[in-house]
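Below is one structure, written out as structure tokens; the observations come after it.
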Amino acid sequence: MQGKVKKKQFFQNFITIMLFGVIGVFISASIITVGSWWLFPKLGFVGLTARDYLAVGTIFSSTDTVCTLQVLHQDETPILYSLVFGEGVVNDATSVVLFNAIQKIDVTRVNSRTILQLIGDFFYLFSTSTALGVTFGLVTAYSLKTLYFGRHSTVRELAIMVLMAYLSYMLAELLELSGILTVFFCGILMSHYAWHNVTESSRITTRHIFAMMSFVAETFIFLYVGMDALDMEKWKMTRVRFYAYLSSFLNQFTSVHLTASGIGSVLLVIEKSNSMSPILLHSQSDCSLCFGTLMSSFGSIVLLILLGRAASVFPLSAFSNYMNRRPQRSPSLTFKHQVIIWWAGLMRGAVSIALAFKQFTYSGVTWDPVNAAMITNTIIVVLFTTLVFGFLTKPLIYYMLPHRVIDKNDSSVGSKSPKEDMALPLLSFEESVSTNILRAKDSLTMLIERPVYTVHFYWRKFDDTYMRPIFGGPLSSPPEC
């Protein structure tokens, strides 16, 4: 029942979720990119290219809302829970799509044309990946509903769903689209239609198998992050980064060899005209400068994450309240809800780690001190935000939203639509032109006054009339007898 409520709330708030998950990523990525481009050189952290700065904005725009979801009570705050849950999923998919779009643009000269090309590539990847996922989801639902060979067999039904989802991912990667976005929308369509075409035993088995796979994958990722945090080579390269740049200023010599010797010194062997003269540079202060630069860049990233998140959540929340407004009703998202949504998106997780390794390593290995420093920064940010912000999540939510007991038999919990709002049908060819014109005027008025609710209402009517009879699933509003 809990999963059903979560899915229902997810679809009812789908437009708001897409607003946070797509537009919010663009706003946050833009602020982090511009901020790091301006701050890093001032802090002495140089060596990143334009593509690297764009990637940094995308890497640190990906959120991890698992900690907040563990604290929120779905029965008490169904809308808030669905928004945090949905945004976390859409945010990850959007970040990956935007990251892939960045890899395809020419960043030698960043101008307005480059930005337009980036936006165009993003929407191309987003739309085509979405269409591919929707197609596979509908094909899977139709196959389970009409074909006989997989019916009433838990093994075959489960195999069809798993293989079709995996096939959608592989085909998306083969076509150089976004596999994660394709699987996401394929899963949405399967959950909406195909889920109702399988037996109860298949549903239980599928739920537990995918939960187990998700837990194992998440555990493996955090084990990998923990082991990589203990990689001494990256820390050593980060520590001697200052000397790598120092050697570039000595390029008037034939060659410069940089060798670490102990903790507090570096041995420079300079060759010129067949003569060698060793120079021992005591570097205790320089190493502290390098460590200070690393910590300054880490602090600036955390600050930009806070600013970028605030710049996306609060304006988009106000816009969402305006789009979801209803007469004589308070806003859907209060200021306390907005603060919790802002806080939920401050933590970074597995997607940030994966994108950082893809951008700054080659097959998981890097010998570039700048790239090693960025990997180190990403790991520190993920660990810091997960531990510190995650630790403060529970007291913050309990302070902002005091716990209250909910009566499970109370029908007022959740979003119930008034009956009079459901009385407006689609246009009918069986009625007179004047009746249809009046109905169209009422529909236009409702669209202007309550755009999000109106779009959801007409989608529900279309879904019940055309989609569910073909692809499966119960009607959301059963016809009256």
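Here the Cβ of each residue, glycine as well, is placed from N, Cα and C on the backbone.
What TrEMBL says about this protein:
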DOMAIN    6-396  domain 'Cation/H+ exchanger transmembrane'
TRANSMEM  14-40  transmembrane segment
TRANSMEM  79-102  transmembrane segment
TRANSMEM  122-142  transmembrane segment
TRANSMEM  179-196  transmembrane segment
TRANSMEM  208-230  transmembrane segment
TRANSMEM  242-270  transmembrane segment
TRANSMEM  298-319  transmembrane segment
TRANSMEM  340-360  transmembrane segment
TRANSMEM  372-392  transmembrane segment
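Tertiary proximity for the transmembrane segment (208-230) is limited to same-chain residues at least six positions away from its ends with a CB under 8 Å from its CB atoms, namely 158, 350, 353-354, 375, 379, 382-383.
In this chain, the transmembrane segment (179-196) lies close to the transmembrane segment (79-102): three or more C-beta pairs between them fall below 8 angstroms, excluding pairs fewer than 6 positions apart. The transmembrane segment (14-40) shares more Cβ pairs under 8 Å with 79-102 than with any other stretch in the list 79-102, 340-360, 372-392.
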